[in-house]
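**Q** Quick paste from Swiss-Prot:
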REGION    42-69  region 'Disordered'
ACT_SITE  Cys139  active site
ACT_SITE  His258  active site
ACT_SITE  Asp274  active site
Amino acid sequence: MDSIHGHYHIQLSNYSAGENLQSATPPEGVIGAHRVKVETALSHSNRQKKLSATIKHNQSSRSMLDRKLTSDGKVNQRSSFTFSMIMYRMIHFVLSTRVPAVRESVANYGGNINFKFAQTKGAFLHQIIKHSDTARGACEALCAHWIRSHAQGQSLFDQLYVGGRKGKFQIDTLYSIKQLQIDGCKADVDQDEVTLDWLKKNGISERMIERHCLLPTVDVTGTTGSEGPDQLLNAILDTNGIGYGYKKISLSGQMSGHTIAAYVNENSGVTFFDPNFGEFHFSDKEKFSKWFTNSFWENSMYHYPLGVGQSFSVFTFDSKEV
């Protein structure tokens with residue numbers, strides 16, 4: 001969210017010669033017929049510093065994109081300011097305090113951090129907070145793009161950042177992520193259906209298993225809450241006898257929702273992506289299971305029913321195996 005700074009300064013003029021400014025009562029507005037003018041070297045210096053900081057901030061905001069327009073001539077999405085943006089920023093801050101604990105726990109359970117990413121802070125938050133439909137987060141769209149990139153044998157972060165390193169965004173990918181999230185937040189649509197349609201257009205379809213001459217999807221829904229994450233974990237790791245699969249995992253609670261993703265392979269292990277914490281890899285399902293159950297579920301604060309720890313839906317997708 002772009003900050004709006006209001007600068008106020010009081011000026012005192014038309015003082016007679018020899019008048020002691022230091023002994024005068026600090027004025028507000030106009031005293032008698034005298035215009036107000038209080039000017040000190042210190043206040044002037046402070047204003048210069050603030051102006052310089054503002055200019056640098058605006059310049060850095062613009063330079064965060066590799067170019068001003070997308071390949072098809074579209075500008076980075078933004079909307080009018082709403083007070084909900086302030087609330088979402090505070091929620092992001094609370095979640096961002098959990099980042100160190102989650103990341104530090106990965107190595108303790110034999111995992112590796114592939115990429116440190118967090119939509120709850122830093123430059124990416126600055127981008128999504130610009131629009132009311134992405135200010136609360138872009139987890140659904142991020143996970144869809146992550147699945148597509150991984151299925152293509154690529155990295156989402158190579159596509160999102162210039163050179164694959166944090167610093168400058170590639171506007172085409174940033175725009176695509178934000179737009180998918182915006183499309184899924186429209187009042188007359190189902191976000192899951194919007195995401196499923198987008199994935200299908202990108203060559204990734206829901207897995208279907210033939211049963212009694214029918215081809216139903218293998219989506220799994222369940223509850224967490226006081227039951228813990230065991231049922232959720234089983235749904236994530238189940239590859240339906242095929243040996244691998246992509247997972248889009250929707251978590252819901254009393255007041256919020258969140259989406260995470262995973263690629264599960266019986267031979268190479270589990271690659272896990274949470275837009276709040278980053279991309280992690282565990283060489284086998286057992287290591288991932290212990291980490292998810294004994295550490296991640298609580299460290300992330302996802303176990304709270306008031307947050308997202310009440311129910312779940314797990315969607316499984318097929319694509320070319322990578």
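The backbone N, Cα and C atoms fix where each Cβ goes, glycine too.
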**Q** At the Cα level, what's the spacing in Å between Asp274 (active site) and Cys139 (active site), rounded?
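**A** It is 8 Å, counting Cα to Cα.
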**Q** With every protein chain in view, what's the tally of Cβ atoms within 10 Å of the Cβ of His258 (active site), excluding that atom itself?
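**A** His258 (active site) is surrounded by 23 other Cβ atoms within 10 Å.
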**Q** I'd like to know which of the active-site residues Cys139, Asp274 has the most other Cβ atoms within 10 Å of its Cβ.
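**A** Its Cβ has the most other Cβ atoms within 10 Å: Asp274.
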**Q** Translate the DSSP assignment of Cys139 (active site) into the three-state scheme.
**A** helix
